[in-house]
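Per TrEMBL, the features are:
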DOMAIN    A:57-276  domain 'ABC transmembrane type-1'
TRANSMEM  A:7-26  transmembrane segment
TRANSMEM  A:57-83  transmembrane segment
TRANSMEM  A:90-111  transmembrane segment
TRANSMEM  A:146-169  transmembrane segment
TRANSMEM  A:201-220  transmembrane segment
TRANSMEM  A:255-275  transmembrane segment
Amino acid sequence: MFVGPFFLGLVVFIYVPILWSLYLSFFDAYNTVTPTKFVGLGNYADMLGDPSFRDSLLTFVVFAAFIVPTTFVLSLLVAVLVARTRVMQAFFRSVFFLPTACSYVVAALIWKMSIFSGVRFGLVNTVLGWFGQDPIPFLSVTHPPWYWLVIVSARLWLQVGFYMILFLAGLQRISPTLYEAAAIDGASQWQSFRYITLPQLRATSTAVLLLLLVNAFQAFDEFYNILNTFGTYPPYARPPLVYLYYVALGSGQDFGHGTAGAVILALLIAIVALVQGRITGIGRGGD
Amino acid sequence: MTHTPRSSRTVLETPLARRRLFALGGGLAAASALAACGGNTGRETAATSGGAAGGKPALSQWYHQYGEAGTQQAVEKFAAAYPDAKVTVSWKPGDYDQSTAASLLTDAGPDVFEYGNGPTIDMIKAGQVADLTEVVASAKDDFNKAILDRMTYQGKVYAVPQVIDMQLLVYRKSMLEKAGVKPPTTIDELVAAAKKLTDSKVKGLFLGNDGGLGLGGPMLWAAGADYLTPDNTFGFGTPAAAAALGKLRELFTSNALLLGAPKDWFDASALTQGLCAIQWTGLWTLPDIQKALGDDFGVLPWPAMSGGKQSVPVGAYGSCVSTKSKNVDAAKKFVQWLWVDQTDKQLEWATAYGFHIPARQSLVSKADKLKTGPAADAAKLVQDFGHAQTPLLWTPKCATAFGDMMSRIVKDGADPAAQIAVVKPVVEAELKRVTS
């Protein structure tokens, strides 16, 4: 009764679209959501045979392998530092959390047009200029791939604060008596971190890892806004969702291939999450 | 933005560009999907929808949000002046192409709507847009041929061009004179000029922050090739085309291109702020340039190589009728009234609120703004060298493959001929799909 409205919303906006997507993925569905031409697994075969889509999947497996641990370590580090701070802790907590409140789109535009602008008066290029360096067109060249610097720094700035808060909450739940006992036993700082903090944060860490992982594969906003120029997106650093966006939601309304790609991506996320669960022991019961 | 049928650059970038900037604010897929679900379709409520409002049919007409002041009032005025139906104008901010394409799948879409370069081939094939051949019949020969052909499939016209936009090269006369450079008419001259005009403060040429990828089409035309041949087969499998695309790589690595400008090529600030001497931009920037530089500028078409022709890409929003409309005939009549019969309104729309070229030859000569100076030169370029940005059968999938190819050739230094060979099967499969 109480969950009725919520459940209804869930059905209408989540389950029906998911099932409909599945249905569409087996049809030839150009510019229609009520297709008639059944193609079986044809769309799946096309998508898996599409080198651009495979490239983007591969790029994002590599991207996830890099960004997940990086964000994890950075947010944990910031959380531990903030938790240890005795002066102005609330201030530092807010400062690090604040970027979370910033829109991805706005941040992406600032990164693109101001900080990493390619002209000599862009922020980074101004600093480089002090050291006699020529301006670098960060987003216009692929050798070296400077665009990753722009994207990764924007993403870290936007996300670290949020995961820091999760870790902080976890840290505050660790009983101080554990640290006191360890201190009496003569444990070093590193030993307390390694044998008390880390194990006690296991539940939080697992959740953070899973969120990071899903997030990495669902990357869209900052990539799209930093690298997209007038409706075209370069073939490098192209997230699967951006590629699918161009397949199914641009002026190309190819829902059959688009939904097939989305199902493949969902399966990939599920598989990686399961593997990760195996490794980190999520749902293994116990504490 | 123009994403056009995802051609890399739609001419319509003008308003589009501005619009898209706004769109970025919320322009994610989700946002546009939501917009598509938005309640107000501009149609009358159920009681009157599709029926008669005071004896007259009710029609909804959609426009994207134009950037120029007065445009919304103008189209509302035009709609109100139509005697035979009650036309409600919807002014759509945000990602117009996407939300309109999505709304055509539903019953909540428009009766009459504009679409960049006319409807896509898949809209036509899915039967989403009505045949307007009869509607334009009385003025068929008066419309710009390149544009009307772009909106025609198998002899049937599916959109009525509203107004023409174009892209072109603009140069600072004083900078060229100082460096002793003549306005380039061949690609080699352009490359040489760009290098000669570059110094520590100024770059010779600005083709866009993508480094000139968007000039793939004009480069094909420069080499006498095209996206597709006139009978719709793959159009650029020639050594000349490969050589032409390689020229863009040469430019990219010459250190003479401006890259990473704060405002991209759709805006003239790179030129007016003195960051570059020659810039690729759109006709819509001429008023800004004139304001900033007075008469210290001239316009040029994209140059040619041997065997090819100079060119300027042209595009136009076309007015279409949705077949889901409950009043297809009334909608057609309205389109005919506004975009075929009412030439004074068409002239006002083209010239009173910004800087565009009327879609009909007979009106170009009546446009005072296009009679003198660089504007007159530009209008002439459209007639002499105008080229629809991309062919109708150039589907989004072709455009993506082409864009990827351009990026690999220009930015990564990949072999043009080998990259063209990668694109060819993609294009041929798409041609087979849409013509089957």
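Residue positions begin at 1 at the first shown residue.
Glycine residues also receive a Cβ, built from the backbone N, Cα and C atoms like all the rest.
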Message: Assess whether the transmembrane segment (A:7-26) lies in contact with the transmembrane segment (A:255-275), where contact requires at least three Cβ pairs under 8 Å among residues 6 or more apart in sequence.
response: yes
Message: With pairs fewer than 6 apart in sequence excluded, do the transmembrane segment (A:57-83) and the transmembrane segment (A:201-220) have three or more C-beta pairs that lie under 8 Å?
response: yes
Query: For the transmembrane segment (A:57-83), which partner among A:90-111, A:146-169, A:255-275 gives the most CB pairs under 8 Å?
result: A:146-169
